[in-house]
Each structure stands twice: as C-alpha cells, then as structure tokens.
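What follows is a short report on a single structure.
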Amino acid sequence: MTDRAEPAKRFWAVPQDAMITRLGSGLTGLTAAEARRRLAVHGPNTVVDRARLGLAAKVGRRLIEPLVAILLVAALVSGLTGDWPGFAIIACIVAVSVGLDVVQEHRAELAAEHLRNSVAVKASVWRDGQVVMVPVERIVPGDVVNLSAGGLVPADGILLESRGAQANEALLTGEPYPVGKRVGTSEASGPAEAFNAVFAGTAIVAGAATMLVVATGRATQLGGVAASLAARRPPTAFEKGLHRLGLLILRLTAFLVLFVLLAHLGFQRPPLESFMFAVALAVGLTPELLPMVTTVTLSRGAMRMARKRVVVKRLAAIHDLGAMDVLCTDKTGTLTEAKIALADASGLDGAPSQRVLDLAALNAGLASGVPTALDAAILLANPPAPGWCALAEAPFGFERRRSSVLCEGEGQRLLVVKGAPEAVLAACTKTESANGNSVPMTDATRRDLIARADARGGEGFRLLGIAWRPMSEGETIEGPDSEADLVFAGFCAFLDPPKPSAAKAVARLGALGVRVKIISGDAAPVVQHLVQRLGLPCKGLLTGDEIDALDQPGLVARVEDVDLYARVSPDQKRRVILALKAHGHTVGFIGDGINDAPAIHAADAGLSVAGATEVARAAADLILLAPDLGVLAEGVEEGRRTYANIMKYVRMGTSSNFGNMASMAVASLLIPFLPLLPAQILLNNLLYDLSEMGIPFDAVDAGDGAKPHGWDMGAVLRFTLVMGPLSSVFDLATFGILLWGFGVTPEEFRTAWFIESMASQVLVIFLIRTHSVAWRAASPHPALIATSLSALALAFALALGPLAPMLGFAPLPGALLAAIAALVAGYLVAAEVLKRLATRTGQA
Ligand SMILES: Nc1ncnc2c1ncn2[C@@H]1O[C@H](COP(=O)(O)OP(=O)(O)OP(=O)(O)O)[C@@H](O)[C@H]1O
Ligand SMILES: [Mg+2]
C-alpha cells in the first residue's frame, strides 16, 4: 500500500525505468483489458465528483431545506390535531414542489450533460499498442499518453519523451511563463521545479511529449481542493441579484410572519391556529418555484442554443451572454476565413527568394508537434529540403513571438529562426546579401525593413521574418537564449481572406447593443487593413507595447474608447478583458488559440469554437460548433429570452403573490376570524404554483431581446411598489364588500376571497408577461395557457364543488359571484394601465 501512495509524492524522483516497472506498464502503455481493470480500482480520472446525486439524496437534500422542514412540521401538527384536509394539502405541496424540482432539475442536468459530452475533452492514449482517443475520465495510472501543444495534461506523470515541450503551470505554481519539460530524474522537493513531470490541469503550450501516467483524479497534485476552486466561478450579476432578492423576501417573510404571530397571540387568538396561519403565510410568500423556473428556463435555453449549434458548458453563462455588452474577438477564424496561404517569400531586396522559402520550410517542417496554420501554409508551398534533420528547438512562444530550430544537413549546422518581423529583427545583427554573405545590419537597413513589413501589413499581408545563424560542430542550443546575433534573410507573406459574413454579424451584434472589439496577436497594420476591408465600425488602437507601459488603472482609463488591440500577448489579452470588466461591462471573449485561453477564462462569457485548441475549449463556457459570429447574435437573443422569462416569474412573485399575502396578514388582524384557513392558503399557493409552471416555455416581447440586461433591482422594486399596493387596494375593497355589502359568514368570506384571489393572481399573469399592451403582445405559449387555466378551473372546482365542505368552503349566492367577477375585471383593467408605469424602467 505504501508503494502506491509514494509515487503521488515526489514521483519525479523515481527513475523512468523503475517507474515503468512499478506501474506495470511499458513504452507502449497498457492493454485495454488492464486499463478497464485499473479504472475499476482507481475510479474515473476526475477531481469534481461528477457522479450525480442519487434521486433519494436529491429528495433528501430538499426535505431539509428550511421552508420544506417548516411544512413538514406543519403537516405533523395537522395530522396530530386531526386536521386531515390540512395534512393532505401540505403533503401535496411538499410532493409537488420537491417532485417538480427534482424531476425538472434531473432532466435539465441530463440534457446539459449530454450536450457537454459532445464537446468533451479526449486524449491520445496508447492501448493495445495503438494510439486511440480516450475520454480523459477513463485514463488510469500506467497509461502512456501523447501530449501536444494546445492540449491539456490529463493526469500527473513523468515524461518518457519530450520534443521541446513547454507547459504552462500557472494553476499549480502561479508562474505565468511556460516552463521547459524534458526527460530525466529530478531531485526537486516540490512540483514547481520538477522538470521531468507534468501535472493534471496544466497545459502544454509548445512542443510535444509522451507521458507515463502516475496519478489520476483526486490523487493528482491539483486533485483535491485546488482544481475545484479554480473551476468554481464567482456568481454572475444575475445570480447575485436573484440571491439578494431571495434574501430580501426571506427577511420580509420572517418579519411579517413574526409580526402576525405575535399580534394574534396578543389578541388572545388560539396559539395553534395562529401558528398554522403564520406558517401558511410564510409558505405563500416564498417563491419556492424560483430555482425550478431558473433551471428549467436555462436548460431550455441551452437546448434551443444547441439547435443553433452553440453548446453551453456552464448553464448560467446563458445569462452572461444575454447581458453581454462588449464582445472581444481574436482575428483568425472569426473575422477571417482561417484559410491561411503563403503569398510570397522575398529577400532583402524585396525580390522573390527561394532561399528564404527554403529556410522557412526547414523551420516549419523540422519543428516537432502539430504544425500551426502558418507552418502548414509554408510546407504546402515548399517542403523542407531532404537530408536535413532537427537536433534541437526552441518552440514558438507567444511572448517571444519567435520559433527556432537547430538543423543539420548538407554538411552545415544552422539555427533557423522565424517569427513576427520586429521580434526577429530585434535578434538580428547582420543581413544576408544577394551573394549569400552576411554583412552587419545598419540602422537604416533595420528601419527600411520595419517600414517594409508595416507597408505590406497595411496591404493585408501577415508577415513572418526569417533569419539564421551558423552554428559550429557540436554546438547546441538550450532554450531560446541562442536567438541572438542572427542574420536576417527575408520575409514570408501570407494571406488570410476576410470573412464577408463577419461584417453582417458585427452589425447585427451592434444592433443588439453589443460592441465588438478586436484583440489580436497580429501586427497593427494587418488588423487595421482587415477592419477597413470589412467596413467594421472600430476605432482607436492600442498595441501590446503600449499596454505594457500602462499599469492596470491606466489601461482601464484607455479601453473604453479603443476597439482595436494589436500585437497583444496572452496575458495582455486577459488584462484588456479585466479592464473592460472594471468599467462594469459584461464582457465576452471568443478565441481559439492557446494564447486566448487566459482571456476566455477571464471573460464573463468565455467563448470558443469546436475546432479550437483543447485549452481554449476547456476554458470556455460556450462553444460554437460553427465558427460564425452570426450564430452568436442568436445566442445573445436566446440569453435575453431566458432572462425575460425568469423576470416574469420574479415580477409575479413580488407583486400579486406578495400583495395577496400581505393584505391577508393585515386583514387577519382587522377581522375577528381568519380570512383564509391555513390549509386554504396552502391550497391557494399550490394552485398558483401550478399556474406558473408554463412560464419557462413562454415567448418574450420582441423588445426584450434588443438590449443587454443586467440584474436591475430598482426595476424589480419599482414594479413591486406599483403593483403590490394596487393588488392590496382591490383586496381591501373585496374585504369591505364582503363584510359590509353582503354580510357574509366566515366560510362564505373565505370561499369568496379564495376565488377572487386565485382569479386575479392567475389572470394577471397574462398581463404581466409582457411590457406591451397585453392583447398585442406575442401570444402566450400553449403550455402557459394550459397550466394557468387548468389551475384556475381546479380552484373553482375545489371551492364550489363536492369537496368544498371538507376544505371549509361554503356555497356562494350568484350576486356575490357576480360582484367578485366585477372586482377581478376592475383589477385587471387597472393592472393593465398601471403596469406601463411599473415597467417603464431602462427604456426611459
Ligand atoms: N508558428 C509560428 N512561428 C513563428 N511565428 C509565429 C508562429 N505563429 C505565430 N507567429 C507570430 O506570432 C504572432 C501572434 O500569433 P497569432 O497571430 O497566432 O496570434 P493571435 O492573437 O491568435 O492572432 P489572431 O488574432 O489572428 O488569431 C503572429 O502574428 C506571428 O508573427
Ligand atoms: Mg488566434
């Protein structure tokens, strides 16, 4: 047992061969059968306990929630005192609210998981002597896994092979710069210095490697708390808003209930009856369906987005997408076709040069790992010369913007470097003349070359500078330090056609109130040319160097007016996003590269595309299956729809529901009997819940999709302050008419009040669901019509039908029913008129 526990600690100190033996593996990994066996022993390779709670556990968790617990106590009291209708109703309420919640949540979870799985991360694992794609969860100790740039490390382990692999271990060590990884045995005391080990949750940002898995799941360095902490997001503004509203309602409820209870006791009313009445009020006041409505609305939103080919990984991100008012995007793939082709290779004099192309091909073709788009374009035009091989390399890094390969062939040893023109020129001291000699580079030449790069960038060409250095026999390189004293050879120019559909998509986002900003690692002239070609309404420009010179407050001061960012490093992308967030914007970022992952993570709505690198997809909340900004505009509208529907429920809860309960509390003190029996209040509440179940399906106003929405507590309060009192005025009118107009008995009073309050609550749903004139708005969803009208019918049937005496209801004279109908009609007319006042929010 100690043997198994030990490798998890300082496993990098065990020599490679010993480790392979200990894990019972080989250079070509495990057999599929052995892997299955180990999976059963070690469990799935996940840190978060994704195993969904069993049904019983889910129900159990809800039964101990305070509100439900109160209800259960109330049911017990009812049962013990022989109040069977009360008992039945409470039991029904508990069953319906818990059942609905669990079933709907379960379905939503299943659906969401199904979608998530369609974009799940897989790894290249050796099984039965072959490399196969295996879901990361099924990786076990002893597996041999191929890693390449852009991929996540799926488990902890040691390297069996490294071809210039570099890992970003910021999650583990806090160090933002990539660290080189090579084969060997390390004496390091902690993971940060273990050069031969890689760790789950970190990313390979350059090169390629093969690893032997030593620990999986919770046994990894980041296994326990850290990974789930890193994965946990702060709540969105919307979630915070809902939470605050919930707390507010909770406090009001507690206050009202205590007040009623004490007052009743003060009036010498029967304690048990007073207690049950107070409990019923509390239940009536609580928006117990809110979690269900939120989950169901969101998961329905996720389904609809899936039909538009957007996969939602984190449900709440739908809100963020709806609230987004700034979208930042990288350039390649979203604004361009990402069909990068080599246009030409030119020497120092500007004339086409086969020599430059050959050098570029050596660098692109002999580098290890998956070729990048630029590399592939070079190789398509010109394969590397035969007879050359690579001895070492310093893979491309986004901070350095260069890559170099130490090549040997034709009796020569050369370090060949390519990269962003200014980055390559910065490491050059010589130029190559037409006859192949190198001469010192003058300042004038340097200026000329930079000017030429800028000029061609302005024509839309993406440029790489090509340089080299002779190396002596036996001389090798260790990292990028040898990229100095280079001889500049020339440029390779690439074209990536702009995507014509991008202009329309940006315009559509603009119409939705979303401003688009471009954050690119490419040169400023290239970005500006693209913006011109597409006719995008973008202004201002900041370059990476300028951003570097600014501290964060300085950057915050600039970002509002700047739409273009060029030559930006991965960390600067992140800084720009944070600066925009500091302005109170809800920021989206869409990108596909290793260099985009930090910004995707920092954004409120992190977006990536299906073909993106693993790290980008892992950091994203939403993944576009088609790399098209147009789809995003639809996603934004979808996000706003879910917001609008949740707000409908909130508005109903805070106005009619709350108003009713409040006036009942007040009435209970003014009249000598209970305005409704506790069981009747609960029944009322149960039926009202049923009536609202169709809300997640409902259509929303056209105008609700037109603007970004954040949580607006002011709007909620304004609505409550107008609609709540309105409802109370009519309630009090009802009380008056019943008591003094008709001189009713307590039973008749309760029956009439029950019917009036059900009818007004349910029918007003059709007014509150829209900001515009009720009958001109998009018609309500059949599900909403069905749930609300059947709840109402059920209310009538229970109050006036054969079960009525059991529930404490009494038959009503026709005149009284007519009066109630008139009151409800009056209320609805007043509500329709006043709702305009109540919802005249942000529009003003
Ligand atoms: N394989 C490579 N070898 C050498 N240099 C490279 C390579 N890939 C990129 N570069 C240089 O690094 C710069 C930044 O990389 P890249 O253009 O991929 O960044 P980006 O932010 O993803 O850009 P975009 O906004 O176009 O997606 C490039 O403009 C180029 O000069
Ligand atoms: Mg990119």
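Glycine is treated like the rest: Cβ placed from N, Cα and C.
According to TrEMBL, the domain 'Cation-transporting P-type ATPase N-terminal' annotation covers 10-83. Under the heading transmembrane segment, TrEMBL lists 63-80, 242-263, 275-299, 716-740, 783-804, 810-830.
Outside the transmembrane segment (63-80) by six or more residues, the chain places 86-87, 90-91, 93-94, 97-98, 272, 275-276, 279-280, 282-283, 286, 288, 678-679 with a CB less than 8 A from a CB of the stretch. Remote same-chain partners of the transmembrane segment (716-740), defined as residues 6 or more beyond its termini with a Cβ less than 8 Å from a stretch Cβ, comprise 245, 647, 650-651, 654-656, 658-660, 662-664, 666-667, 670-671, 675, 748-749, 752-753, 756-757, 760, 768, 816, 819-820, 823, 826-827, 830-831, 834-835, 837-839, 841.
With DSSP classes pooled into helix, strand and coil, the tally for the domain 'Cation-transporting P-type ATPase N-terminal' (10-83) is 45 helix, 1 strand, 28 coil. Taken as a whole, the domain 'Cation-transporting P-type ATPase N-terminal' (10-83) shows an average pLDDT of 81 in this prediction.
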